[in-house]
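Below you'll find the structure, written out as structure tokens, and then a few comments.
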Amino acid sequence: MFMINLLVVILSALVAMAFLTLTERKVLGYMQFRKGPNIVGPYGTLQPIADAMKLFTKEPLLPTSSTSTLYLIAPTLALSISLLLWTPLPMPYPLMNFNLGLLFILATSSLAVYSILWSGWASNSNYALIGALRAVAQTISYEVTLAIILLSVLLMSGSFNLQSLITTQEHSWLLFPSWPLAMMWFISTLAETNRAPFDLTEGESELVSGFNIEYAAGSFALFFMAEYMNIIMMNALTTTIFLAAPHNTAAPETYTINFMTKTLLLTTLFLWIRTAYPRFRYDQLMHLLWKNFLPLTLALCMWYISMPTLTSGIPPQT
């Protein structure tokens, strides 16, 4: 039974990722007053399948000066990590119910840095290496903020378990008491997934394509798939942490519909931000974190830590 559940989660994530690429191209198209993909299938709905066939049937090229082992392992590792992150997410029941689910997600997502670093170094290209170093610095920096925000949320829910987070939000979303944290979390997830306006790793005018410049065919597709699955996973996590729906045991499908709708809206917001905002300069990106987000998140974390002590003398309200 576990293997069937695992296959269902993997296939669902892959299908969602495939159609997210189509949605992005459609949204970008309409926002720029053009149609987007509309040739393959009705209204272009089969475009992701055509893209997959094209990429996976092309000849995989290995640069002669590259370190072949790491060069081939890096995209596989990126995709494996992005799939592994889905295991503790409650949809409405998780694949594996960890007591430390949030800690597992934070620790596993930080491993994605290695795939980027290995791909940049193993490609033996200056552009790829600079893109990889940028990505690593950016990801590690913003993980600090994500960890502190998660700690603040845990102080409100009292557990690392994602199911208990949903129980905490049975009557009210955690978005309301912690909206500054939610705003900083959302912006940090943009930076964590290397999306515009924080896509410094793929600065076309400077780095051609970034850390994946030497990749083609199937290996390039694996990086592409990992990036888009991380986007959906991060938005699913945002929904669970700040916008969780009450879990009705009599009709669990209502939770799934609610969860999917909110995740889809947040993902569409990711795409809208890409069309609306120009790319940040690298120093602005780092200043935003180290000079703005970090002091604010630390101050708010201290506030949430001190709240139980400050309110301990207040009698219970009946």
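Keep in mind that glycine also has a Cβ here, set from the backbone N, Cα and C atoms.
Here the transmembrane segment (2-22) has Cβ contacts under 8 Å with residues 37, 44-45, 47-49, 51-52, 83, 86-87, 95, 224-225, 228-229, 231-233, 267 of the same chain, all six or more residues outside its ends. The transmembrane segment feature in Swiss-Prot is assigned to 2-22 (among others).
Swiss-Prot lists 70-90 (among others) with the feature transmembrane segment, giving sequence analysis as the kind of evidence.
Per Swiss-Prot, transmembrane segment is recorded for 98-118 (among others), and the stated evidence type is sequence analysis.
Look at Swiss-Prot and you will find 140-160 (among others) tagged as transmembrane segment.
Look at Swiss-Prot and you will find 171-191 (among others) tagged as transmembrane segment, backed by sequence analysis.
The transmembrane segment annotation in Swiss-Prot covers 217-237 (among others) and rests on sequence analysis. Within its own chain, the transmembrane segment (217-237) is flanked in space by residues 13-14, 16-17, 20-21, 52, 55-56, 58-61, 71-72, 75-76, 78-79, 81-83, 85-86, 89, 91, 105, 109, 112, 115, 119, 189, 192-195, 259, 263, 266-267, 270, which lie at least six positions past its ends and keep a Cβ under 8 Å from the stretch.
The list of residues near the transmembrane segment (253-273) in space but at least 6 beyond its ends in sequence, with Cβ under 8 angstroms from a Cβ of it, reads 20, 23-24, 27-28, 31, 91-92, 186, 190, 193, 195-197, 231-232, 235-236, 238-240, 243, 245-247. Annotation source Swiss-Prot lists transmembrane segment at 253-273 (among others).
Within the same chain, residues 144-145, 148-149, 151-152, 155-156, 178, 180-181, 184 sit at least 6 positions outside the transmembrane segment (294-314) and bring their C-beta atoms closer than 8 Å to a C-beta of that stretch. Annotation comment: Swiss-Prot describes 294-314 (among others) as transmembrane segment.
Distant neighbours of the transmembrane segment (171-191): 138-139, 141-142, 145-146, 149, 152-153, 156-157, 165, 197-198, 234-235, 237-238, 241-244, 266, 270, 273, 285, 288-289, 293, 296-297, 300, 304; these residues of the same chain sit at least 6 beyond its ends, with a Cβ under 8 Å from one of its Cβ atoms. Residues 9-10, 13, 62-63, 96-98, 101, 104-105, 108-109, 111-112, 114-116, 118-119, 121-123, 162-163, 166, 214-215, 219-220, 222-223, 225-226, 229-230, 233, 236-237, 240 of the same chain lie 6+ residues outside the transmembrane segment (70-90) yet bring a C-beta within less than 8 angstroms of a C-beta in it.
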